[in-house]
Amino acid sequence: MKQFMLAGVSSGVGKTTVTLGILKALADRGYQVQPYKIGPDYIDTAYHSRITKRPSRNVDSFMIPDDQSLAWSYYKWHGDADVAVVEGVMGLFDGLGTDKDCASSASVAKKLGIPVVLIIDGKATSTSAAAMVHGFATFDPDLDIAGVIINRVASQTHFELIKGAIERYTDVEVLGYLPKNATAELPSRHLGLIPDVEMDDLDRRFEDLGAATAKHINLDRLLEKAELPDKRMTNPFRISNDQPLTLAYALDDAFHFYYEDNLDFLRELNVQLVPFSPLKDKELPAADAYYFGGGFPEVYAQELMANADFRASVKKAHEQGRPIYAECGGLMYLGELLEVEGQVYEMVGIFKGKSLMTPGLKSFGYCQAETQVDSLFGPKGTAVRGHEFHHSVFETEEDTVLKLEKVRDGQVVAAWTGGYQKGRTFASYLHVHFYQDEQLLANWLDYIKEAN
């Protein structure tokens with residue numbers, strides 16, 4: 001089995017570009033490629049899936065702190081694949097705080113036992129690149145740095161200069177490069193790359209990127225260095241559900257942030273998933289419960305407001321006591337109002353208050369939460385790990401039901417409250433991965449059964 005991680009020396013070096021190019025080039029060769037993403041990102045995984053035609057999976061060691069559960073989130077999915085490609089997050093050793101082994105790409109690579117290919121930015125550098133590679137290669141002797149790929153290289157001559165320096169001063173093999181004009185830069189906005197569903201020319205960009213990758217990166221050598229013994233493991237989770245349930249979930253251009261593992265976990269527990277569109281459908285489908293994931297309701301605020309019949313059906317389901325769970329963009333939709341650039345749009349109105357878009361991030365990163373009331377997560381005092389990433393605030397006088405903290409290097413660096421519960425509707429900015437604790441999902445299913 002061929003497995004490797006692509007990790008940058010920092011954010012912004014072109015790690016995602018290189019990853020997409022390699023995914024495309026390998027897929028063009030006929031390989032079945034299983035992609036993964038370290039950390040909580042939803043958008044990169046959608047790009048991976050677009051190329052490989054396989055759902056990309058998040059491998060997140062903060063939200064999934066148990067090593068067995070973390071390994072399951074990785075090994076479960078590539079048994080029928082030829083190659084597993086893992087895209088790192090931020091810089092190789094960047095994680096939570098200053099501990100290089102806390103939620104970093106490096107720590108996950110060591111836990112999984114896979115080699116790392118380092119991505120560096122070749123723009124305006126030559127021999128200094130060797131010092132950078134040397135530092136990364138020697139910083140953690142337990143980490144296998146199998147090679148380096150140089151991004152944004154000006155010319156073949158420039159590549160030979162950097163390659164010569166790295167191979168003169170380090171033992172790390174240079175596997176190739178991408179030229180600075182390999183493809184037009186992928187556009188982004190406040191939450192990172194623009195989602196693939198909003199890109200009209202994405203497949204053409206992928207074709208260009210795949211061709212440049214095949215031309216300039218030694219894929220044969222990369223795959224040689226990535227060959228590892230097959231490893232299989234058994235499912236560490238023990239929960240079960242004998243009662244068939246139906247969960248309808250929002251899935252369209254406005255709402256599409258879901259962890260694939262969460263959806264598959266639900267399916268494995270006898271839950272039928274039914275997608276619906278708050279943009280296009282006239283009413284909610286019949287279901288035992290409803291799930292509104294994150295996304296970009298602010299981009300589609302006019303269309304969401306215009307679909308008044310659908311909004312009314314959501315509020316009716318709430319009033320009838322149907323369990324509703326919403327994360328981030330889902331919270332914004334279930335609120336009363338959404339303000340974008342001075343324009344105010346009516347939303348569902350389950351929670352009184354207004355979501356207001358902000359110029360900067362209002363919350364970013366991992367956090368630990370504790371429920372202050374009995375909820376779908378379980379009894380009061382239930383611990384939940386999650387991730388927040390939003391350019392908005394929810395201005396409301398509704399009571400909060402979560403106590404949240406951000407902890408770095410053992411110290412609480414921020415504390416706040418959030419999350420709202422009214423009847424059987426629960427909404428917060430927190431994105432949650434259920435592999436962290438199977439009991440959270442068991443509690444949610446019990447909560448749904450009690451309501452029905």
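Cβ coordinates are placed from backbone N, Cα and C, and glycine is handled just like the others.
Swiss-Prot lists 246-439 with the feature domain 'GATase cobBQ-type'.
Sequence annotations record features per position, and here Swiss-Prot assigns active site, nucleophile to Cys328 based on sequence analysis. The secondary structure of Cys328 (active site, nucleophile), as reduced to three states from DSSP, is coil rather than helix or strand.
Here Swiss-Prot flags His431 as site 'Increases nucleophilicity of active site Cys', drawing on sequence analysis. The number of other CB atoms found within 10 A of the CB of His431 (site 'Increases nucleophilicity of active site Cys'), across every protein chain shown, is 21. His431 (site 'Increases nucleophilicity of active site Cys') falls within a strand when secondary structure is assigned with DSSP.
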Check your understanding: Name the residues of the same chain, 6+ apart in sequence, whose Cβ is under 8 Å from the Cβ of Cys328 (active site, nucleophile)?
Key -> Phe257, Gly293, Gly294, Gly295, Glu388, Phe389, His390, Ser428, Tyr429, Leu430, His431
